[in-house]
C-alpha cells in the first residue's frame, strides 16, 4: 500500500503557486484497508476516504471506462492491482497527471514536467474526449495559468473542437457548468476562459447570447477596441482587477448582452440595449441555475449602467433630471444596500475602463453616485412626521425631501 500526492497540488508546487488543497491516491489498498486505518468513506460511486486527522481526501487508484453519455457515463474499477500509471492516465492534462511519493520524488509518466516547462496545456490521452466537462476545465486552466504564458496544444484544441461538434456538451448539467464558470471568474484573466471556449466552438453552444456579441459594431469614438465581444472581454478583465466579488465579475460579463439584439441597420448605436439585455441575463441565469442574488445584481447592472455613466457628462457635470437620479438610486437599492450599490458602481467602472485607451482613466461617477446616495438618504423622518402627514402622504413627503436633497447636492457639485 503506497500513498501519493497527485494532481493540482503537484502542479502548483512546481509552478511555485501556493497550494491550498491536497489530493491523494492510494495504490494497493482495499476499502477495508482504509477503514481499518481510521479513514471514513465519503464516495458513493468510487471509494474516497477522509483522513482521520487532516480530513484531506484519499482516493483508491482507479480506472474508468466510458459507458454512456455525459460525465456520469463511466464504469469505475478499483482494486489493489490498479497501478499509479493506470490512475494518472485517466486525468485530463499532462500537467495534472503527475504524482509525488512519500520521499518527494515526482512520478511523471506522461510528460507533465516537460509541458510545464514548455507552458503547454496538453491532454493525456484520447480518453480526454469521453468527458465533456473537460472542455470547460481546460478553458478554466487556460485562464488560471495565462499569467504564466500557458497556451493550448493544437492537438488538444482540435480534440476539444471535435467534442463541441459531437453534441456531448448538451449532456452537461447546469450546476457543473456554473461551477466551472465561477472558478473561471475567480481567475485573474477570466476572459481567457471564454476566449478558449470560443476558439474550440463551445461558446455558441453554451453561451449563445455572448457569442451573439461577436462582430457587433459600436461607436468608434467610445469603443476604439472593436466589437461588443472584445469590449465585454475587456470589461470582464477590468472587473477582475477592481473586485474579487463574483457578482461584480459576472455582471461585467453579461452587462451588454442587449447589444446582440440590436438590428444591424442601427449599428453602431445601441439605444435601449440596457433594458433589452435584462431578459437575456435572466434567461442565462435560469439556464445555469445561477444564485438568485447574483442574478438580481447582474440584472441591475445591465439595466442601469447607462444611466450611471450618464450621471455626469463628459465635462464632469451632473447630467440627469432630479427624478431620474432618484429613480436610479431607488431601483438600485442605494438607500438600503449601500455596499451592494458600491459593488454595482464598481461593475460600471469596469465597463468604463474596459475600452482601449480608457483603462487608466478615472471614473468620477463612482464617488459622485456614492455621495449622492448618502445625501439623498439624509432624510429627517421625525421632522416629516412632526408636520402631521399620515399614511401614503409620509412616503410622498420622503420622496419630495429626497428630491430637494438631490437638487441641493447637484447644485453644490456643479459649482465645484
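All residue numbers here begin at 1 and follow the chain in the order shown.
Note: Cβ is positioned from N, Cα and C throughout, glycine not excepted.
Given the structure is predicted, the values throughout are model-derived calculations rather than measurements.
Listed features, source Swiss-Prot:
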type	residues	note
BINDING	8, 11, 91, 137, 140	ATP binding site
BINDING	8, 11, 91, 137, 140	CTP binding site
BINDING	21, 23	Mg(2+) binding site
DOMAIN	228-335	domain 'HD'
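The CTP site, placed at the center of the C-beta atoms of 8, 11, 91, 137, 140, has further neighbours from the same chain whose C-beta lies within 8 angstroms: 7, 92, 93, 95, 96, 141. Across the residues annotated as binding ATP (8, 11, 91, 137, 140), the two Cα atoms farthest apart lie 15 Å from each other. Secondary structure of the domain 'HD' (228-335) per DSSP (helix as H, G, I; strand as E, B; remaining residues coil): 75 helix, 2 strand, 31 coil.
Annotation note: residue 91 (ATP binding site) sits in a coil segment as assigned by DSSP. Taking the Cβ of residue 11 (ATP binding site) as reference, residues of its chain lying under 8 Å away and at least six apart in sequence are, in sequence order, 95, 96, 98, 112, 116. In this structure, residue 23 (Mg(2+) binding site) is part of a beta strand by DSSP.
Residue 8 (ATP binding site) and residue 23 (Mg(2+) binding site) have their C-alpha atoms 8 Å apart, to the nearest angstrom.
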